[in-house]
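Each remark here refers to the structure printed beneath this line.
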Amino acid sequence: MQDEDGYITLNIKTRKPALISVGSASSSWWRVMALILLILCVGMVVGLVALGIWSVMQRNYLQGENENRTGTLQQLAKRFCQYVVKQSELKGTFKGHKCSPCDTNWRYYGDSCYGFFRHNLTWEESKQYCTDMNATLLKIDNRNIVEYIKARTHLIRWVGLSRQKSNEVWKWEDGSVISENMFEFLEDGKGNMNCAYFHNGKMHPTFCENKHYLMCERKAGMTKVDQLP
């Protein structure tokens with residue numbers, strides 16, 4: 001462009017530089033970082049949960065294995081202890097054994113302790129006598145018990161078998177009825193014989209007011225493994 005004096009004037013417009021949106025870039029960066037942190041946190045939580053589940057499963061497994069070993073050890077210990085007790089009985093020197101969970105003068109067999117007492121008592125008195133020792137009158141519910149008791153006493157002894165009336169069924173103290181063919185039951189047809197005693201492998205009904213010796217039974221505890229010979 002030429003001015004009045006003949007000089008050429010250049011009209012140059014300076015371009016303004018584009019402004020960078022600092023706020024927008026900063027916001028995007030924080031979002032990325034927040035997403036990364038969220039993913040890391042979720043991953044840590046999932047990892048901790050998985051670790052916790054694995055830890056519980058491992059503990060349960062080890063506990064189960066330990067219980068199985070303990071149960072197996074107890075079974076072996078029980079059998080061996082009862083073998084030792086039986087041998088002492090066969091030798092006629094029965095004094096019990098330290099491995100037995102039963103008290104002195106109680107016999108250890110199966111899962112129970114058996115007490116043979118020479119006290120002349122009525123059936124009700126015998127029942128109370130056993131109760132006072134945290135036991136019950138003997139219940140015979142399998143053939144092994146029949147043979148075990150038969151081999152260890154030849155005396156008349158009360159057991160926990162009775163009935164309310166002569167026309168009612170015989171029941172054990174826990175309310176269960178006698179099993180068929182478990183033992184020979186000698187019924188003589190006389191009325192009011194509502195209590196039973198055991199003698200030489202057979203069950204006999206008799207009057208509850210009669211006085212006889214008795215047999216008590218209670219659950220055995222754990223075999224004392226550390227006392228085995």
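Glycine residues also receive a Cβ, built from the backbone N, Cα and C atoms like all the rest.
As given in Swiss-Prot:
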type	residues	note
CARBOHYD	Asn68	N-linked glycosylation site
CARBOHYD	Asn120	N-linked glycosylation site
CARBOHYD	Asn134	N-linked glycosylation site
MOD_RES	Tyr7	phosphotyrosine
MOTIF	7-10	motif 'ITAM'
TOPO_DOM	55-229	topological domain 'Extracellular'
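Predicted-model confidence for the topological domain 'Extracellular' (55-229) is 83, expressed as mean pLDDT. Asn134 (N-linked glycosylation site) carries neither a helix nor a strand DSSP state and counts as coil.
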